[in-house]
Amino acid sequence: MDSEDDPLLQDVWLEEEQPEDEACRGIPGPGLQSGAQGCWRRWTLPSRPPTLGFWSTLGWAFTNPCCAGLVLFLGCSIPMVLSAFMFLYYPPLDIDISYNAFEIRNHEASQRFDALALALKSQFGSWGRNRRDLADFTSETLQRLISEQLQQLHLGNHSRPASRAPRSAPRDTVATQTSAANSSERRRREAPSPEGQVTNQSRARRGASRWDYSRTYVSANTQTHAHWRIELIFLARGDAERNIFTSERLVTIHEIERKIMDHPGFREFCWKPHEVLKDLPLGSYSYCSPPSSLMTYFFPTERGGKIYYDGMGQDLADIRGSLELAMTHPEFYWYVDEGLSVDNLKSSLLRSEILFGAPLPNYYSVDDRWEEQRAKFQSFVVTYVAMLAKQSTSKVQVLYGGTDLFDYEVRRTFNNDMLLAFISSSCIAALVYILTSCSVFLSFFGIASIGLSCLVALFLYHVVFGIQYLGILNGVAAFVIVGIGVDDVFVFINTYRQATHLEDPQLRMIHTIQTAGKATFFTSLTTAAAYAANVFSQIPAVHDFGLFMSLIVTCCWLAVLFTMPAALGLWSLYMAPLESSCQNSCHQKCGRKSSLHFPGDLFTAPERAGGGPAQGPLPYLDDDIPLLNVEDEPASLELGDVSLVSVHCEGLQPTPDANSRGQLLAQLQELLHHWVLWAAVKSRWVIVGLFASILILSLVFASRLRPASRAPLLFRPDTNIQVLLDLKYNLSAEGISCITCSGLFQEKPHSLQNNVRTSLEKKKRGSGVSWASRTETTAQESMSTVYISKVKSKGHPAVYRLSLNASLPAPWQAVSPGDGEVPSFQVYRAPFGDFTKKLTACMSTVGLLQAASPSRKWMVTALACDARRGWKFDFSFYVATKEQQHTRKLYFAQSHKPPFHGRLCVAPPGCLLSSSPDGPTKGFFYVPSDKVPKARISATFGFNPCVNTGCGKPAVRPLVDTGAMVFVVFGIIGLNRTQQMDNHVIGDPGSVIYDSSFDLFKEIGHLCRLCKAIAGNSELVKPGGAQCLPSGYSISSFLQMLHPECKELPEPNLLPGQLSHGAVGVKEGRVQWISMAFESTTYKGKSSFQTYSDYLRWESFLRQQLQTFPEGSALHRGFQTCEHWKQIFMEIIGVQSALYGLVLSLLICVAAVAVFTTHVLLLLPVLLSILGIVCLVVTIMYWSGWEMGAVEAISLSILVGSSVDYCVHLVEGYLLAGENLPPQLSQDPSSQRQWRTLEAVRHVGVAIVSSALTTVIATVPLFFCIIAPFAKFGKIVALNTGVSILYTLTVSTALLGIMAPGSFTRTRTSFLKALGAVLLAGALGLGACLVLLRSGYKIPLPSGATL
C-alpha cells in the first residue's frame, strides 16, 4: 500500500510527481502568484468519479464543483437547521449565574446540611448566625403537646412518651413545612411565600399576635404582598474604628434610604401592608412601607404629640437610647454584625431591605398575568443600579443586591466581558484574511466553519445532554474556540498551498486531507481530552465547562475537516484566478503595491537558482503541524565538535521584492537557528542539568499548593456584587429576609409625654441584664448658651470672659463675628446623645495686676480646675468629640504667656496661643450649630426613648462557637431538587423531604440513650458540649416522666441566658423532626484532609449506635451533618477532581504521543517536557499566592493538553527530517540526532513561536475581564504558553539532541508496535486496579467515594 493511501502513516510529501510543464515550472500553485491562472487552465476537471479507491473518490468529490458546493451547502445548512430546531422547540438557553454552581451540591454532606438548613430557614429564614428568641407560640405549642402526653401517661396510656420542649430558642427553631405557595414561588425563582415570610419574625408588634400578620399577605389588595426586595448593606470605612453608629454615617444612610423612596416609580411598586395605614406621616408616600431598617429607630417622626418609628423623621434621635430600645427585640441582631453586644454598641455594617409589593396596580392578584408583573418590576428595579452605584462616600460604602439586581449585574458584567471576545475574534479574523492572501472566500468559510461548529455544539449540549444553562465559565469558549478553530483552518490552507509539487488536483486534495486531517486530529484529540477530563469533576461549573469545551473542539475539527477541503477545491478552480486578477488590477491602478497585499511568494520560498523545483514555505505560519519539505537542501550548520557537511541555504534568503514581514520572519528563523545551535549542540548538557534542578525545586513547591480555603471569586474583589457574595459566604447574608423586624412593626406609636414602658412590656422584651438607669433631661431643658466677651488694652493681649448670662458688665465688650471670634455658642448642661464630653470653664484672678486689665480671666479645660494655680470652677457643659448632625466645630487653647488666659475661636489660626499638642487645655469640640434656630429643632432631635427608667432588658445573643457544631438529625430524609428551576446568583437549595414515619414520643427513649452515648465519647464531643434536646424553659423536670432513659441527660455549658443549638420542627400539632447539637472537638482551623478523618469518626460511631436500635425504627434514617463538613468536602473533592483530571489528561496524551511517535526515545523527551512545564506553572501559581480552587482545577488538566502541542510538533519535524538524512551522517548517530533536531527547529521554529505569540495576544483581553475566572484563566493560559515555548526551544531540543534515535523512521510496523504497547499498558493498569480491589485496597474516586 502506498504511503499516500495510508491515513496514519502518510508523511507530508508524496513520492510520485509528474514532470512539470515548462510554462508552469516554478509556479507554486493556483492563485498564489499572478501567473497562477495559466496553470489553473491546464487542469482537467474529472467528469465522473474514479472507479476504485476511497481516497481517489474523496479527492474527486472535493475537486468536483458540484460535489464541493453540495458539501458546503450541507455544512452550512445542517448546523442552522439543528440550531433552529433547538431554539424553536426547546427552552431558551440561559446563563447559569447560580453561586451554587461552584459548590458540590450532590455530595452527601452538602445535601444533608442543606436539608437541615432549609428546614430551619423555612421558619425564621436564617442559617449560619445565632438564631434569635422565637415567639411564645412555639413553646406554647410544645408545652401543649407535652401536657397531652403526660395526661395520657397518668391515664394509663404509656405507649407514647413525650419529649421535653423549649420555650424559646435563639438557635432552636420550630419549623413549619413550606407551603405549596412557597414551592410555587421558588419555581418562579422569587422570594419565599408570604406565609413563610410571616414567620421570619420572632416577635410581633405589641398588642397583636404575630400570627395575625398572615391576613396582610394573602389579601388581594394592590401591593399588599411583600414579594420582591432590594438588599442594602452599609459598610463603615474611612477610619480605624469602623463603627457604623456615628451621626455622620447614620445621616448618610438615612439620606440614601430617602432617595430610594423618592425614586421615580417607587410608589407604584412599593409594599403597602395594612399596618402602615396607622402611621400618619407615611401618608405623603401613599402609605408605602419604609425600608426595613434601624433608621426607623434613629429617625422617628412626631405627629400629634406621638412618636412614630417609621424612619421618616428629619432629625437624628439619641443614638444610644435608640439602640437600647431596638436591642430589646431579638430581631435587632438581624441588622448588625456578630461583634455587637450590650457592652460593645458598635457594628461595622448595617443591613437594610426595601420591600416591593404585589399585585401591581391593574392586576387582580399575584397570579394574574404573573410574568407580565414580574417583567414590569424587573424593568423598574434595575433603574436603581445607576443611582445606588454613586451613593458610597468616604465614610460609608453602599452595597446593593437582591435577586433581580444580582441577576442584572451578573448578566451585564458577563455581556460586557463578552464584548472583549470580539476584540480577540476581530484580530484573529484579520490574521486569517492576511494569511489567506487577502482571500475573502477562504476567510469567510474559515470563520463560518468555526461559528457553525459552535451551533452544533450548543445543540448537543442543550438537546442531547439536556443541560438547560450555559455555565458562566463557558464564556471562556468565546475567547478560546476561535483560536483553536483558526489553527485547524490554517493547517488545511497552508498544507494545500505547500503541495505545489502535485500537478493533479485530486492528488493535491488527497494529500491535503491526509496530512492536515491527521495533524489536526491529533491536536484536537489532545485538546478535547484535556477539556473532557473536567467532566468527572463534582463541581457543577467545572463539569459543564469541560463538557461544553470538549464538544466545541470536537465539532470544530469535524466542521473544518469537511468544510475547508470543499472551500479550497472551489477556491482553486474559480476564486483564486479572480482574486489574482483583482489584485493585479488594483496594483496597476494605484501604481504601487498595496501595503496590505501579501504576494504569493510570502507563503512559498523563492525559486532556487537554476530553476529547480520550488521550495516549501519559508515563513512557516502553521501552529499545528510541521510541513517539512524533504526536497529542501539542508542548511549549512556549524555544530562545533560535530563534523557535518555544508549545504546551501539560498532558500533562506528572501527575494528582492519580499516585503518587510517576510524579512522579519527570516530574521526570526535565523535567530532561532543560532539559539537552538547553542541549546541542542553546544550546551545541551548544561540545559539538561538546569532542567533537572528546576524540576526538583518545582516538585517541592508545587506540592505545597494548598486547596482553596474559600469559595471561588466570581468577580473582582472590589466590585459590589463580589463583596456581597463574600458577606453571604462569611456573614451568612444569604437569602435572609426579615420584613417585619423594623420599628414600624415592633413599636406602637408612643406619646412624647410618656416614654416609660409598663412592667408587662418590659418583661416581654428580653431576659438579659437590664440597662443601667440614667437620669437625663430633655433636649429643651438641657440646652444653654455660652456668651463670650473680651477686654482689649493697649499693649496687652485681649482677655476673654465666658458666661451663661448675656449681660455685659463693664469693662467687658461684646465680641464681633469675624477674625475667628465666637460671640456665643449652644451647649448642653447635661449629657445628651453623643454630647458626652465634659468641659469646665475655670475663672481666676491671679496675674491680673494692671489697673486697666479686667479683674478676672477664664479658660476652658477638660479636667478639673487647678486650684493650686488659682483657678476656680465657674460652670461646666457637655460637647461632642465627633461631628454630629447640625453641629459646628470650635477650637480652644490656653496661652503659655501671662496672663495665661484662654480663648475660643472658629479656626485654628486664632487659637495658636501655644505650639503644644492638643491636651486638656487645648483642642477642639463640636457644639450644636447656631445656623439651626432653636425653634426649628424638632421634638425628635436627640430624642431618647429610654429616658428615666430605661427600655427594659436587652435580648440575649449567644456567643459564636469555637468548634464545629455537629447536628444529629432525625425526621428529615433529604432534599427534593427535581422541580428546581433556579438560576440566581444565590440560589434556592430545593424543598425538604420529611420522614412521615418519625414519631418523637415513640422514639424518645432511643434518642435519650443515643445522646448519652455520643456525649460520653470524649474523642468526638467537648465536655459540656452535648445539647440533646432544645432547652430554654424550665421543663427539664418533665423529662424523667417521659421515659426512664431520659433521666440525667447531659446538660450543655451555656452562658447565662444562652439557649442551645438543638431544634425541633413542629407542623400541624405534631413534632416533625428533631436535631441534637454537639460541639465537636474538631478545630475549624485544621486542614481539610485532617478534618476528613474527624468526619469519618463521626460517621462510623453514629452508624454503630443506630445499628443497636430495633429493626424498622425511623431512627435508622438519621444522619449527622455539619457546615464544616460541607466546606471541607468542597476543598477535598475539588482537589481530587483536579488530580484525576490531570492524570486522565496525561494518560490520554501519553497514549496519543506514543502512537504518534512510535518510539519510546521520542516519547520520553515529550513526557519530560510536559512534566517540567506543568510543575513550573504550578510553582509559579504557588509563588503568586494562589490556591487550588475551581478555576485552578480546570487549568491543571488543560495544561497537559496545551503543553504537548509544541513538543510534538518538534518531534514530528524530527521524524520528517529523517526522511532526507544526508548519507554523510549515516555512521554517526550523535551527528544524526543533532542535525535532525536543527532541521526540525529550522522548519517549525517560526511556526511554534508565531503560534505562541498569537495565543498570548489572544488571551490579553481576558486580563481585563471583571469576571474573575475569565481573568485568571487568561493569565494561566498565557503563563503556560510562555513556559511551553521556552521549554520546547530549550529542554526538548536538548533532550532530542541527547537521547533521540538517530536513524529511526516511522513505519507501519513501528505504529502497530506502539499501538500494541499502549493497549498492553492499559490492560496491565486495569489488571493492577482489579488486584488492588481484590486485596481490599480502596481506590478513591473523584466524587469522594471509593471503589
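All positions are counted from 1 along the displayed chain.
Just so you know, glycine gets a Cβ as well, placed from its N, Cα and C.
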What residue among N157, N730, N805 has an entry for N-linked glycosylation site in Swiss-Prot? N157
When the topology given in Swiss-Prot is taken at face value, are Q378 and N1280 found on one and the same side of the membrane? no
N-linked glycosylation site, as annotated by Swiss-Prot among N182, N976, is found at N976
DSSP secondary structure for N976 (N-linked glycosylation site), reduced to helix/strand/coil, please. strand
I want to check the contact list for N976 (N-linked glycosylation site): same chain, sequence separation of six or more, C-beta distance under 8 angstroms. What comes out? G990, S991, V992, I993
Summary of DSSP states over the topological domain 'Cytoplasmic' (1268-1281), given as helix, strand and coil counts: 14 helix, 0 strand, 0 coil
Looking only at the topological domain 'Lumenal' (1181-1246), what is the mean pLDDT? 77
Cβ under 8 Å to the topological domain 'Cytoplasmic' (1268-1281), counting only same-chain residues 6 or more beyond its ends: which ones? 417, 472-473, 475-476, 479-480, 712-717, 722, 1173, 1177, 1180-1181, 1186, 1190-1192, 1194-1195, 1198-1199, 1202-1203, 1252, 1255-1256, 1259-1262
Sequence-distant contacts of the topological domain 'Lumenal' (1303-1310), meaning Cβ under 8 Å and at least 6 residues beyond its ends, amount to 6, 9, 11, 1157-1159, 1161-1162, 1215, 1218-1219, 1221, 1226, 1229, 1232
